[in-house]
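Chemist: According to TrEMBL, the protein carries these features:
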- 4-143: domain 'Aspartate/ornithine carbamoyltransferase carbamoyl-P binding' (DOMAIN)
- 53, 54, 55, 56, 80, 104, 131, 132, 133, 134, 256, 257, 284: carbamoyl phosphate binding site (BINDING)
- 151-295: domain 'Aspartate/ornithine carbamoyltransferase Asp/Orn-binding' (DOMAIN)
- 162, 216, 220, 221: L-ornithine binding site (BINDING)
Ligand code: CP
Ligand code: NVA
C-alpha cells in the first residue's frame, strides 16, 4: 500500500484533521501530566533541513524521543544532497532505513518528488508554498481557547506566503472565512482556487470584526534580498494596537514565529493579552507528535 504523506493541509480530509487535532490536545494533556507514552519505540524519523529552523526541528526531534523513537538531522552541508545526489535517489535510500521523513526545503516540487520515490510517509516541514505543520498547531491553539473555528472569520495580514496558503487550505477544510489583508502585488497566485478566502487591500477593512488576526515575517527565508522593498510595501499592514482595535473585542493574535517586533507586529500586540504565540509554538510539539503517531503507528 502506498504511504500516506503530509505535504499540504489538503492531504487530510476534515474528519482526519479533526481527529488529529483532538489527539494533539490529548497528547498535550499527557505531556503536562508527565505520563510516558511510547508507541514509536524503535522507530526513526529522518529530517532534512535545507532552511534554518528552531521550532520545527526541536518539536520533531523531541517529539520522536518522547514517543519512544529517535530522529536523525540531515542538512545539505553534511549530506550528499548538497553535492547534487538526485532527490529521488536520496528518497529511495532513506526510506529503506527510516520510518518517516520530514523535509524543509525551497521549491514545493522537491517534497513532491521526494514523496513520489518514497514508500514511507513524507512530512512537509515548510516549503516556499506551504507550512502545514504550523497550521496543525495554530488550529489546536484556536480550539483550546475558542472551540470550533467553523463559521468564524480570520484575517491574514501581510505577505501572501507559505503560511498564508496553508491558512487558505485550512479555511476550506474547516469552514471559516479568511480575509487576506495584503498589497495587490503580493497576493497568492492561486487565490481564485480558494472560495473561502477574500483579498481586501485596505488593512483596517481586512481586520474589521474578525475573530483572529494572524501575521508572519514580510521576507521569508530565501527572500532576504527583497527585505527593503518588502519593508516599504507591507508597512501599512503591521499588526499593532490600532489594527487589533478594529477586530472583535475578544480577537486572538497568532504568529508562527520567529517574529520581528516593529515590522509585521508591534511589541504591544505580540507581548500583549490577545497574543497566544507561546502556546501556539508549544503546540508544534503536541500537534507534530499526533501527526507522527498517525503516520507511523497508524493511530490518531
Ligand atoms: N514557525 C516555525 O516553523 O519555526 P522554525 O522556523 O523555528 O521551525
Ligand atoms: N514564512 C516564513 C515562515 C517561517 C517559519 C518563512 O518561510 O521563512
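Yeah, the Cβs are placed from backbone N, Cα and C, and that goes for glycine too.
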Chemist: Need the DSSP three-state call for residue 216 (L-ornithine binding site) to compare against my parser.
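Modeler: Where residue 216 (L-ornithine binding site) sits, the three-state DSSP reduction gives coil.
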Chemist: Given the binding-site residues 162, 216, 220, 221, which lie close to residue 256 (carbamoyl phosphate binding site), meaning Cα to Cα within 10 A?
Modeler: 216
Chemist: What other residues of the same chain, not counting 162, 216, 220, 221, have a CB atom within 8 A of the CB centroid of the L-ornithine site?
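Modeler: Leaving out the recorded residues gives 126, 128, 131, 159, 161, 163, 217, 223.
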Chemist: List the binding-site residues 53, 55, 80, 216, 221, 256 whose Cβ sits under 6 Å from any atom of ligand 1, in sequence order.
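Modeler: Near ligand 1, sequence order: 53, 55, 256.
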Chemist: Ten-angstrom check, please: count other Cβ atoms within 10 Å of the Cβ of residue 131 (carbamoyl phosphate binding site), all chains counted.
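Modeler: A 10 Å sphere around the Cβ of residue 131 (carbamoyl phosphate binding site) contains 26 other Cβ atoms.
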Chemist: Among 53, 80, 162, the binding-site residues in question, whose Cβ has the most other Cβ atoms within 10 Å in this structure?
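Modeler: Selected residue: 162.
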Chemist: Which binding-site residues from the list 53, 80, 133 come close to ligand 2, meaning a Cβ under 6 Å from one of its atoms?
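Modeler: None, as no Cβ falls under 6 Å.
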Chemist: What's the CA to CA span in angstrom from residue 162 (L-ornithine binding site) over to residue 284 (carbamoyl phosphate binding site)?
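Modeler: So the Cα of residue 284 (carbamoyl phosphate binding site) lies 17 Å away from that of residue 162 (L-ornithine binding site).
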Chemist: By a 10 A CB contact count over all chains shown, which of the binding-site residues listed here is most packed: 55, 284?
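Modeler: Most Cβ neighbours within 10 Å: 284.
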Chemist: Can you tell me how far the Cα of residue 80 (carbamoyl phosphate binding site) sits from the Cα of residue 216 (L-ornithine binding site), in Å?
Modeler: 32
Chemist: Determine the minimum-neighbour residue: among 133, 221, 256, listed as binding-site residues, which Cβ has the fewest other Cβ atoms within 10 angstroms?
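Modeler: Per-residue Cβ counts within 10 Å for the binding-site residues 133, 221, 256 bottom out at 221.
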Chemist: In sequence order, what residues of the same chain, 6+ apart, have a Cβ less than 8 Å from the Cβ of residue 216 (L-ornithine binding site)?
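Modeler: Listed in sequence order: 158, 159, 161, 163, 164, 255, 256, 264.
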Chemist: Counting across all protein chains shown, how many other Cβ atoms sit within 10 Å of the Cβ of residue 220 (L-ornithine binding site)?
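Modeler: Taking all protein chains shown, residue 220 (L-ornithine binding site) has 18 Cβ neighbours within 10 Å.
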Chemist: Between residue 53 (carbamoyl phosphate binding site) and residue 220 (L-ornithine binding site), what is the CA-CA distance rounded to a whole number of Å?
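Modeler: Pair distance, Cα basis, whole Å: 12 Å.
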Chemist: Across the domain 'Aspartate/ornithine carbamoyltransferase Asp/Orn-binding' (151-295), what are the DSSP residue counts per state (helix, strand, coil)?
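Modeler: Across the domain 'Aspartate/ornithine carbamoyltransferase Asp/Orn-binding' (151-295), the residues distribute as 67 helix, 26 strand, 52 coil.
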